[in-house]
Structure formats: C-alpha cells, structure tokens
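Below: one structure, written as structure tokens.
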Amino acid sequence: MSLKIPEHVAIIMDGNGRWARKRGLPRIAGHYKGAEVAEDIVEFAIELGIKHLTLFAFSTENWNRPKGEVEALFELLRRYLQTKKDKLYKLGIRVRFIGRRDRINKELVKLMQEIEEESKKFKNLFLNLAVDYGGRDDILRAVKKAVKLQREEITEELFSSLLDLSCSPDPDLLIRTAGEKRISNFLLWNLAYTELYFSETLWPDFSREEFLKALEDFSRRKRKFGRVLDE
C-alpha cells in the first residue's frame, strides 16, 4: 500500500500527566517529555512532506488546572521557544500561534510575535501552535468580527477567513493520543471533513512508528466529502 501524505495534520497531544503519574513523577515531567516528542514529530513531518502541522498545546479550559501547573506549562513553552527557535528557523519552519493572547504573559506574547515575524519567510512546514485555544472561543471571536460586515457579504469562505486557522487548509487528519475519543473543543469549524484517528499511546510514548500507523490508516480511507464514490 502506498502511503498517502496528508497536507495538514492536527494533533491533540494527550496523556502527559498520566505518563508521569505511572512513573511516580510530577505531572510537569510528562509535559517536558511530551515537548521532546513534539519536536521529533515536527522534524518527521518535514521528512514526510507534510506541509501543515497543528499542535494543541494549551486549551482555554486548561486554565482550570492548578495554578502551579499552568505556570509551569507556560514556563515550559517560553523555555522551549527561546531555546529552539533557531533550530526551527534552520529547519525552514514558519511558526504561527492560534488562540487568545490577552490572558498570556506579555513577555511570552512578545516572544511569540517575534518568532512569527522572523519565521514568516520559511515554507518547509507551517507549524501552528494552539495556545489558549478553544474551538468555541475561536468561532465566537469570528462572529464578533462578522457582525461588523454586511449580512450579504458573509459567506462560508469569508467566515473561515476570520478564524484563527485561516492561513492553513482544513486538517486532513486529526490524531488524538492516550485513548480518549473526543475532539475536546479543538478546531470545531475546521474539522468538518477531517479524518479522525485515535491512538491508545500516551503522548510521551508516541513515536515515528506510531505516527506512521496513523498515516497508514489514513491512506486506507476513502474521503467522500458528501459525494458518492464508486466502490
């Protein structure tokens, strides 16, 4: 079977806390291990020829976690971006952040904006990092923009352009790890015709081999988009 490479893959990186708990480690240790896995999957995506990759890093609901864990997660993100940005540039990755920014530390927002600006010329991979992102919040913010327009102007295409992920095509494949079978308020508008793949593997144990399993499963599917296909 030949492998069909999707143009856009989105991933819900779930299971960091459970991975740490199984090993008697603090939850943040799972997140640090998960960041290492994310880095490897990003590199593998480039090798495979995937053009767009969206990673769910922090949701609007994650603010409900203990304050110490939230602070540690944002410190992990800041440290990762600061230490890895040059590697991202060297790999030719354009980085974009989707989600709200009004609740994030101003220094981190400044770093995010700097990376977006410095990487905008790269085209090997479009990497979307969802930070303080929620699908309902995304749609609500788009509606607030749309109400300023004439009703006749608003089309499905125009509304899509008001969403956070407007610079990337809708995902072809969504992967969620750790066995949960739900999309958890992620890219609600954009996942209309996305193929869903659920892996039992906890994110810190997710490997290139596991990623290939998802792509092999995707390659066997017939995407109809509402049409009737010949069997």
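The backbone N, Cα and C atoms fix where each Cβ goes, and this holds for glycine too.
The active site annotation in Swiss-Prot covers Asp14, and the record cites sequence analysis as its basis. Sequence-distant contacts of Asp14 (active site), defined by Cβ-Cβ distance under 8 angstroms and a gap of at least six in the same chain, are Arg176, Thr177, Ala178, Glu180, Leu202, Trp203.
Feature annotation from Swiss-Prot assigns active site, proton acceptor to Asn62; the stated evidence is sequence analysis. When secondary structure is read from DSSP and collapsed to three states, Asn62 (active site, proton acceptor) falls in the helix class. Counting every protein chain shown, 16 other Cβ atoms lie within 10 Å of the Cβ of Asn62 (active site, proton acceptor).
In the three-state DSSP scheme, Asp14 (active site) falls into the coil class. Residues annotated as Mg(2+) binding site in Swiss-Prot: Asp14, Glu195.
Positions annotated as substrate binding site by Swiss-Prot: 15-19, Arg27, His31, 59-61, Trp63, Arg65, Arg176, 182-184. Taking the Cβ of Gly17 (substrate binding site) as reference, residues of its chain lying under 8 Å away and at least six apart in sequence are, in sequence order, Arg27, Gly30, His31.
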Pairwise Cα distance for Thr60 (substrate binding site)/Glu195 (Mg(2+) binding site) [Å, integer]: 24
